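**Q** Pasting in a structure now, in structure tokens, and then I'll have a few things to ask.
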Amino acid sequence: QMMKHAWDNYKRYAWGLNELKPISKQGHSSNLFGNIQGATIVDALDTLYIMEMKEEFKEAKEWVEKNLDFNVNAEISVFEVNIRFVGGLLSAYYLSGEEVFRKKAVELGEKLLPAFNTPTGIPWALLNIKSGIGRNWPWASGGSSILAEFGTLHLEFVHLSHLSGNPVFAEKVMNIRKVLNRLDKPEGLYPNYLNPSSGQWGQHHVSIGGLGDSFYEYLLKAWLMSDKTDEEGKKMYYDAVQAMQTHLIRKSSGGLTYIAEWKGGLLEHKMGHLTCFAGGMFALGADGAPDDKTGHHIELGAEIARTCHESYDRTSMKLGPEAFRFDGGVEAIATRQNEKYYILRPEVIETYMYMWRLTHDPKYRQWGWEAVEALEKHCRVDGGYSGIRDVYNNHESHDDVQQSFFLSETLKYLYLLFSEDDLLPFEHWVFNTEAHPLPVLHKDNGNKEENQK
Ligand code: DMJ
């Protein structure tokens, strides 16, 4: 019902545009997608399919066939377009078997290739998909590319090679690994900034939240998606987790485990909502952990889940802030006004879903249900679902944006949290960072993974 409410209102007020403004009841466009259109449609395709919303899936597919156009003069974010559009199309193809999605995914993948035309092959953040000219965000450490952006192409690009028969996509992302493995890492950590021309790190800031997050996620998932044959990805992941444990993961005096940020050797005792995905990641990676550390990685996942639940529970609205701190006498609470917002993000619910699947502890379903109730009470409006400006206030101030990831991730992870484990089982599927399921490429069975729902 939540999906239906979000979808029907998008359809009514913003059909074909990127996102919905649920209060003003009109379209919302973000410069992340340039003038590529239909982000909500492409992001929602697999959720509609999984929830068996057949009519809606059919109309979404028809829109893609007739209207999804990449021959536009648009400067786009390579990362955002990859995780939402390429990822969304790939999942829609693998779930439904409809050729149009495969074709569009490969066509878009080809448009993204010029982003890799840099001296090192580390891609630009921004690309004009007509001219093929790339550049980096002006604010990013002296012209650097961003770890979480260039490190979050791997899963989709391996599938693009698999589906197109063209090795170029996989070669581009394997080269990123090569560049990273040649570099010294401070204390074994990966800084968030890397200059694509010099191949040197920018500022030594390290984060498992924004700017770093899904790079680590994709190391683990690349290994899982390769049917555990990608030993390089595996080693990079477990080495990185080891460094996080030594240098970033701390326990508050009240007993809450958190992941701090690192700035040139100094810790900032702050954790972002984005960082909360790491609970699920640690638990998902527990099985392959070296030195009999499986139980330890599950426990770490459980502790992060508890901390992130506390960040929700300590607000008036029972929805978590964008960032919360462990200093100045507070624990798991936002102290700065500009960190008190909630934009319908999925990461905490994502972690509950992984923890539920991997432990079956009923508290994760209870916590997920608390989030459902809070979303219904505070974010649901007549025209869809909206983010909130201050979750510590008793009265909602809505931000008037229904993010496309609310349909692709937040609602999908909630649905999976309350479904049986054999819906998209982890042995056969990995989720990209936008919650788009991609099949594990099994060593021994060619294309049998397709449609193995
Ligand atoms: C999504 O686009 C993805 O989950 C990404 O990895 C991080 N930001 C949003 C959701 O918060």
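Quick reminder: no glycine exception, Cβ is built from N, Cα and C everywhere.
TrEMBL feature annotations, pasted as is:
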| type | residues | note |
| --- | --- | --- |
| ACT_SITE | GLU80 | active site, proton donor |
| ACT_SITE | ASP213 | active site |
| ACT_SITE | GLU322 | active site, proton donor |
| ACT_SITE | GLU347 | active site |
| BINDING | THR433 | Ca(2+) binding site |
| DISULFID | CYS276-CYS308 | disulfide bond |
**Q** Checking your reading of the structure: which of the recorded positions GLU80, GLU322, GLU347, THR433 lie inside a 10 Å Cα sphere centred on CYS308 (disulfide bond)?
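**A** Correct set: GLU347.
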**Q** List every residue in the same chain as GLU347 (active site), at least 6 positions away in sequence, whose Cβ is under 8 Å from its Cβ.
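**A** Long-range Cβ contacts: HIS273, LEU274, THR275, CYS276, PHE277, CYS308.
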**Q** Among the active-site residues listed here, ASP213, GLU322, whose Cβ has the fewest other Cβ atoms inside 10 Å?
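**A** Checked ASP213, GLU322; of these active-site residues, fewest Cβ neighbours within 10 Å: GLU322.
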**Q** Under 6 Å from ligand 1 by Cβ, which recorded positions from GLU80, CYS276, CYS308, GLU322, THR433?
**A** THR433
**Q** Taking the Cβ of the residue listed as 'Ca(2+) binding site' as the reference point, list residues of the same chain whose Cβ is under 8 angstroms away and which are at least six residues distant in sequence.
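**A** Counting only residues 6 or more apart in sequence, the Cβ neighbours of the residue listed as 'Ca(2+) binding site' under 8 Å are ILE83, GLY87, THR152, ASP213, SER214, GLU217, TYR218.
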**Q** Enter the number of other CB atoms within 10 angstroms of the CB of CYS276 (disulfide bond).
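**A** Within a 10 Å radius of the Cβ of CYS276 (disulfide bond) lie 30 other Cβ atoms.
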**Q** Helix, strand or coil: which one is THR433 (Ca(2+) binding site) in, per DSSP?
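**A** Reduced to three states, the DSSP call for THR433 (Ca(2+) binding site) is coil.
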